[in-house]
Amino acid sequence: MIHEAEILSQRRLAPDIYRLELFAPRVAEQAQPGQFLMVRTSISLDPFLRRPLSVNAVDRRRGAVVLLYRVVGRGTRLLAERKLGKRLNVVGPLGRSFTVPLSGPVVLVAGGLGIAPLFFLAEVCRQRGNEVILFYGARSQEELVLRRELEDMGVKVFLATDDGSLGERGTVVELLKKKGLPPAAPVYAAGPPPMLKALAGTLKDMGREAEFSLEERMGCGVGACRGCAVKVREGENFVYRRVCTDGPVFKAGEVVWE
Ligand SMILES: Cc1cc2nc3c(=O)[nH]c(=O)nc-3n(C[C@H](O)[C@H](O)[C@H](O)COP(=O)(O)OP(=O)(O)OC[C@H]3O[C@@H](n4cnc5c(N)ncnc54)[C@H](O)[C@@H]3O)c2cc1C
Ligand code: FES
């Protein structure tokens, strides 16, 4: 489960957003949409903790695994500096994946880098022949990365930006309310907590269930430190679940937003 993966490519897609391709045949073979890797971002033990990054795509034939990430702090900055041909130490694939339906349309809702796990899900659904409808929002046009690749895959893409530079001006949740959802299509979402919270409320009003991929700061990534706990409903009670092993994919209706 620990892999020394060679860096095959590293591309900057937008200011601060990078796409990194690794040679990791066993990960490529096993990974399912929604799962993540714990990545050692530097060659030293500083920063000590690995950083969780979702699997963005796999190419099983070439043994390649793709990560998509935004530089937000020290770990991701060091990752952006890693050079081709060098090895990256990763653990995974980890966590619970999305439940992919065998047939029928699916709706994906991505806020910003939430597109990272949903791109992989879109790819798998298209390969199975599902119709895929994506609502994709970001701060501005340049941050709507991979939208052309998704359209080329045959995904029906609706865009929203905060500044109105592409698609509808406003949030992706407002866009979804305006366009509506096909009946009975399962909904999958990933993005920042305020977006997921707003979406959970909207879907509840619509009487729709969904699966959300959650992000919490992680210590170990394998269920040992309990640093990634989230509050969820269990019957009449509340319990804490670990995002790394019980998630990161949870049913939208069970998450308690505080
Ligand atoms: C299961 C999972 C999958 C993820 N997938 C992706 C992905 O595919 N692409 C991507 O860009 N990011 C993803 N993230 C978030 C990513 O792990 C953090 O951005 C990264 O760990 C930050 O490390 P850093 O050292 O650069 O920043 P730090 O210096 O550690 O932190 C910088 C800032 O980012 C915030 N932050 C750090 N970690 C997280 C986190 N886990 N969740 C939310 N905010 C955080 C901090 O609060 C701080 O404000 C994922 C997180 C989880 C839990
Ligand atoms: S990160 Fe340690 S228990 Fe989840």
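Here the Cβ of each residue, glycine as well, is placed from N, Cα and C on the backbone.
These figures come from a predicted structure and were not determined experimentally.
So that you can see what the record holds, here are the features copied from TrEMBL:
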| type | residues | note |
| --- | --- | --- |
| BINDING | ARG51, PRO52, LEU53, SER54, LEU68, TYR69, ARG70, GLY75, THR76 | FAD binding site |
| BINDING | CYS220, CYS225, CYS228, CYS244 | [2Fe-2S] cluster binding site |
| DOMAIN | 1-100 | domain 'FAD-binding FR-type' |
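What TrEMBL annotates, mapped onto the structure for a quick look.
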| residue | record | Cβ within 10 Å |
| --- | --- | --- |
| ARG51 | FAD binding site | 22 |
| LEU53 | FAD binding site | 23 |
| LEU68 | FAD binding site | 23 |
| ARG70 | FAD binding site | 18 |
| THR76 | FAD binding site | 17 |
| CYS220 | [2Fe-2S] cluster binding site | 17 |
| CYS225 | [2Fe-2S] cluster binding site | 14 |
| CYS228 | [2Fe-2S] cluster binding site | 24 |
| CYS244 | [2Fe-2S] cluster binding site | 26 |
### Message
If the criterion is a C-beta within less than 6 angstroms of any ligand 2 atom, which of the binding-site residues ARG51, LEU53, LEU68, ARG70, THR76 pass it? List them in sequence order.
### Response
none
### Annotated binding-site residues CYS225, CYS228, CYS244, filtered by Cβ under 6 Å to ligand 1
none
## Note on the structure
Same-chain neighbours of the [2Fe-2S] cluster site, Cβ within 8 Å of the mean position of the Cβ atoms of CYS220, CYS225, CYS228, CYS244 and not counting those residues, run in sequence order as MET218, GLY219, GLY221, VAL222, GLY223, ALA224, ARG226, GLY227, ARG242, VAL243, THR245
#### Entry: Residues within 8 Å of the ARG51, PRO52, LEU53, SER54, LEU68, TYR69, ARG70, GLY75, THR76 Cβ centre (excluding the FAD site residues themselves)
VAL39, LEU67, LEU79, LEU113, ALA116
### Message
Which secondary structure state does DSSP assign to LEU68 (FAD binding site), in the simple three-class scheme?
### Response
strand
### Message
Rank aside, I only need the closest one: which of the binding-site residues CYS220, CYS225, CYS228, CYS244 has its C-alpha nearest to that of LEU68 (FAD binding site)?
### Response
CYS244
### CYS228 ([2Fe-2S] cluster binding site) - helix vs strand vs coil (DSSP)
coil
### Message
Could you state, as a whole number of Å, the largest distance between Cα atoms of any two of ARG51, PRO52, LEU53, SER54, LEU68, TYR69, ARG70, GLY75, THR76, the listed FAD binders?
### Response
15
### Message
What whole-number Å value do you get for the CA-CA distance of CYS244 ([2Fe-2S] cluster binding site) and ARG70 (FAD binding site)?
### Response
20
### Conformational class of ARG51 (FAD binding site) under the three-state DSSP mapping
strand
